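The structure appears right after this line, and notes come after that.
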């Protein structure tokens, strides 16, 4: 991949889309991970630091302190306006108001947290006449590895054309701190959660697989070239198929 070309195209994309919408800037959720770090960095290059608001939304009992420290350090490095909003009280109030939430499984509860964060981002975007820019990468989008109307509820996905491995490469090129690049990716929706444990395969391998699937490579060849198991390949293809609805607008019946 031509990293310079990718960088320039993403910067132009942010400028063009925000200009077309006539907004004053963007709001981005900063988790302390590499995807949001790269997104915020590119937004600053596109619009300038004064038009980028970073919001960190930890859950006090769950979010590792290092994530909050890394999020704040990134905002300081970029020189952007930055706020921290603890979502614990909001989640607790929801749980108290909806008794059934106590017995909900951890995925349902995790999705609630992602949608709470989306609502906070849009509150500030609406208040300030800005757009919400997402931090999803191509790997996550193809797999449907995100919450519908949560972290998937955004106006723009600037790094949505970059595989996860491409996110690491472009981040390194831009001088984003190595500690963020090498940190284990996690959505932070429950204790001990990591992306690669959820997926059952490393990002390096899953990116190889996704590229081959897009190129129409036969399953037997994918298994031979990547060295992954048939179960891992089936898991990837099932995710793509099962989560197709996330990549489409809600269906509407044809009446005329």
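Even glycines carry a Cβ here, placed using N, Cα and C.
For residue 31 (ATP binding site), other Cβ atoms within 10 Å of its Cβ number 25. The annotation ATP binding site is assigned in Swiss-Prot to 29, 30, 31, 32, 33, 34, 35, 36, 135, 164, 186.
Counting only same-chain residues six or more apart in sequence, the Cβ atoms lying under 8 angstroms from the Cβ of residue 35 (ATP binding site) belong to 135, 136, 137, 159, 167, 185. In the three-state DSSP reading, residue 35 (ATP binding site) counts as helix. According to Swiss-Prot, the Mg(2+) binding site annotation covers 35, 140, on the basis of sequence analysis.
The deamido-NAD(+) binding site annotation in Swiss-Prot covers 115, 148, 155, 245, 246, and the record cites sequence analysis as its basis. Cβ contacts within 10 Å of residue 148 (deamido-NAD(+) binding site), excluding its own Cβ and spanning all protein chains shown: 15.
Taking a C-beta cut-off of under 8 Å and a sequence gap of six or more, residue 155 (deamido-NAD(+) binding site) has these contacts in its own chain: 17, 21, 125, 131, 132, 133, 134.
It is 186, among the binding-site residues 135, 186, whose Cβ has the fewest other Cβ atoms within 10 Å in the structure shown. Residue pair residue 140 (Mg(2+) binding site) / residue 246 (deamido-NAD(+) binding site) shows a Cα separation of 11 Å. For residue 115 (deamido-NAD(+) binding site), the spatially nearest entry among the binding-site residues 29, 31, 33 is 29, judged by CA separation. Fewest other C-beta atoms within 10 Å: among the binding-site residues 115, 245, 246, that description fits 245. Sequence-distant neighbours of residue 33 (ATP binding site) (same chain, six or more apart, CB under 8 Å from its CB) are 67, 70, 180, 183, 185, 186, listed in sequence order.
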